[in-house]
Amino acid sequence: MSNVDHAEIAKFEALAHRWWDRESEFKPLHDINPLRVNWIDERVSLAGKKVLDVGCGGGILSEAMAQRGATVTGIDMGEAPLAVAQLHQLESGVDVEYRQITAEALAEEMPEQFDVVTCLEMLEHVPDPSSVIRACYRMVKPGGQVFFSTINRNPKAYLLAIIGAEYILKMLPRGTHDFKKFIRPSELGAWSRVAGLEVKDIIGLTYNPLTKHYKLSNDVDVNYMIQTLREE
């Protein structure tokens, strides 16, 4: 059975035409993208690397990594977001290869092909996150690195990521996230280690509603990223 939640895909299909509108529902993704790309680039030096972006959506992260000199492939199961990504790269002149395929299917086709794999804000939208993590392990070269980001599962995350972001501040459409699908760092770390990935670093992303700014911090209570390594 395919590791795809069609209801989740439908959510993003409906919003795809606004993906590159920085004042739309995707504003948070645009705002945090420079922080995330810098954090990744500092750890792997993207220039000259072959990179896979799993769950690329409309291509915000994929384009940014390509602009840093990486050769980027972006994959997603949403047809409309991928169409938006392909159109936008015609405007921006950034070269990214986009494909509609699951991580598991691409892992069968392209094992150990990528220096870096990113899988950001995607794991909380699939039925079996551990399956995606195993696929990422298979696709990264020995000695390569895999980056994941998701949302912690605790009362604070429910309050800020769902009640705050979706209902009070209206930064995201209601129903964007399902609290039951949020992932604790301990769970993500355990799944990564079982897959064969060593957790190297973790960082939190926090939002100040007064200044409307995000920053990287040691607070991993809500949004967080991890860096993992496939040993040689």
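The chain as shown is numbered from 1 upward.
In case you wondered, yes, glycine gets a Cβ from its N, Cα and C as well.
Sequence-distant contacts (6 or more apart, same chain, Cβ under 8 Å) of Gly55 (S-adenosyl-L-methionine binding site) comprise Ile75, Asp76, Cys119, Leu120, Glu121, Met122, His125. Annotation comment: Swiss-Prot describes Arg36, Gly55, Asp76, Leu120 as S-adenosyl-L-methionine binding site, evidence class sequence analysis.
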Just going by other Cβ atoms within 10 Å, which of the binding-site residues Arg36, Asp76, Leu120 has the emptiest spot?
Leu120
Could you state, as a whole number of Å, the largest distance between Cα atoms of any two of Arg36, Gly55, Asp76, Leu120, the listed S-adenosyl-L-methionine binders?
19
